[in-house]
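What follows is a set of notes on a single structure, which appears directly below.
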Amino acid sequence: MGRRRAPAGGSLGRALMRHQTQRSRSHRHTDSWLHTSELNDGYDWGRLNLQSVTEQSSLDDFLATAELAGTEFVAEKLNIKFVPAEARTGLLSFEESQRIKKLHEENKQFLCIPRRPNWNQNTTPEELKQAEKDNFLEWRRQLVRLEEEQKLILTPFERNLDFWRQLWRVIERSDIVVQIVDARNPLLFRCEDLECYVKEMDANKENVILINKADLLTAEQRSAWAMYFEKEDVKVIFWSALAGAIPLNGDSEEEANRDDRQSNTTKFGHSSFDQAEISHSESEHLPARDSPSLSENPTTDEDDSEYEDCPEEEEDDWQTCSEEDGPKEEDCSQDWKESSTADSEARSRKTPQKRQIHNFSHLVSKQELLELFKELHTGRKVKDGQLTVGLVGYPNVGKSSTINTIMGNKKVSVSATPGHTKHFQTLYVEPGLCLCDCPGLVMPSFVSTKAEMTCSGILPIDQMRDHVPPVSLVCQNIPRHVLEATYGINIITPREDEDPHRPPTSEELLTAYGYMRGFMTAHGQPDQPRSARYILKDYVSGKLLYCHPPPGRDPVTFQHQHQRLLENKMNSDEIKMQLGRNKKAKQIENIVDKTFFHQENVRALTKGVQAVMGYKPGSGVVTASTASSENGAGKPWKKHGNRNKKEKSRRLYKHLDM
């Protein structure tokens, strides 16, 4: 049985309550001479939409403050401001980039790392920790003022004091401090103030820049960087951690692997160098010395690869140097303002026994690297009878891979996350040679935009909010023909009213890539954010190779790999034309005449089956006579309906989608 309905008089109470509520609401906002107890002179705590506000957005906070202050705002119709297409890409114009570069040069002396305060045997641990905290706090305030006053963008830097303490201890214990940088952009990962701080602690300590992933550079590019750092009076070594474990075999192997890397391989192959070019470069840059043999000694034994973790209690056993022996911080910052010639002369006066620096441009092997470490430091060592080499670098430049390659097996876990290594470690390669591994530190440096930080691998790609600026930077650095040859896509060409040599936009690249890979959204459009993550990861890994040139060089002519790929493409096109082959059809161009004069046939589209067993939709009721006559003409059930099969509309009108 159904539910028993309530009698009609049961809703009288609700009707009276509803009437009383409506009556009170109607008289609440009307003036009346009658006496009433509802004065409406207080806050209405009984309303239903009462909410507690503990956090507001910037706009809501501004409007709420203006309402409390009794300020009213009136909309004004001002002049219209047109936003150009370049502003939507998130990239800077040429004038803006030049202005930011000038600001970077003017404020370079303020970009420093925190110093360890002076201490001696009478300093208590509590006093030392408090002094370190005070210096670290003042250093962070200085960087914040630099960002706010000069409107500059700094890379994310390490904000944990414990990691900087590990750096201080590594510098104190090391005879040679090695900065590991990425070969594609060495100046971004180089910290000049760290080199100054090493000389402040002890003039006998040596600075070396180890350019990792140097197999991504050509011989001409390595020579250009070697000459640049030689003018800067900085010792550099070209090295590849992944290729260092493989013996160098010959010229043909280098060319084959370099071509494979430029033709869509993401792994680094065997790296080698031209013997004739090496001998020529060594005759120009290197003094006459015996070249170390390339035979590698086994280092997998437990005695040769002894591992030791240095606890903090052993700090008193090491010889430490205070900042009183070296120049002050102001003097060091003043030296960086001067030219490189004056800087080298000041260093030569400070250390007259120092040799003239000569850099060579070939890739060194593992044994050559160890021999260079032994020959580089000839002064007084921190620990008698032992050469200590401290390795410092960003977490994603290959520091851990370098250590594992030198040791011959996996001694340090490889990770791209800052803070993976909590404490410095000492790794004995052989008797008398010790590697001191410092935790990965992200040091402050200048960048122009966040897109540059994402493309350099500093910011994680999976956590980016806006994919348009980084992909626009990739399109600006990588030519159109390289993108098309790498991914096998056809990017839409510019319109007739545009520059035919302009770089493709991010939307054009991501749309073509998404269509080719099948990355589509629920609405049938190419998934641009997903395509952007794949392209940016290929750019960071080196599949899309772009090498930043030294200052003063043209970035376009410095990309020899792009020029070689273009020449190969032109040669292949000429061969195809000679053989009489048809060239691959290009994507439909945005031609104004074709679009304007193209006439489409207007037709009606139906949904469903066109004909079933001889019946056509809209032909009316099928009688027995008509059915028999049609069946007599043939056997339609054996024709399968393939002759007049209905095509999908998206296939018929595919040319209208783009």
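Counting starts with 1 at the first residue shown.
Here the Cβ of each residue, glycine as well, is placed from N, Cα and C on the backbone.
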Inset, instruction - Can you dig through Swiss-Prot and tell me which residue of Ser252, Ser293, Ser322 is labelled phosphoserine? - result: Ser252
Inset, instruction - Check the candidates Ser58, Ser97, Ser531, Ser619 against Swiss-Prot and report the one noted as phosphoserine. - result: Ser97
Inset, instruction - With Swiss-Prot open, pick whichever of Ser52, Ser93, Ser415 is annotated phosphoserine. - result: Ser93
Legend entry - DSSP three-state assignment for Asp437 (GTP binding site): strand
Inset, instruction - Run through the Cβ atoms and count how many others sit within 10 Å of the one on Val397 (GTP binding site). - result: 24
Legend entry - Between Ser97 (phosphoserine) and Val397 (GTP binding site), the C-alpha gap once rounded to whole angstrom: 26
Inset, instruction - Give the residue from the recorded positions Ser97, Asn212 that has the most other Cβ atoms within 10 Å of its Cβ, counting over every protein chain displayed. - result: Asn212
Inset, instruction - Would you count the other CB atoms within 10 A of the CB of Lys399 (GTP binding site), including those on all shown protein chains? - result: 27
Legend entry - Pairwise Cα distance for Lys399 (GTP binding site)/Ser93 (phosphoserine) [Å, integer]: 35
Inset, instruction - Grab the pLDDT values for the domain 'CP-type G' (164-444) and give me their mean, rounded. - result: 66
Legend entry - Gly393 (GTP binding site): tally of other CB atoms within 10 A of its CB: 26
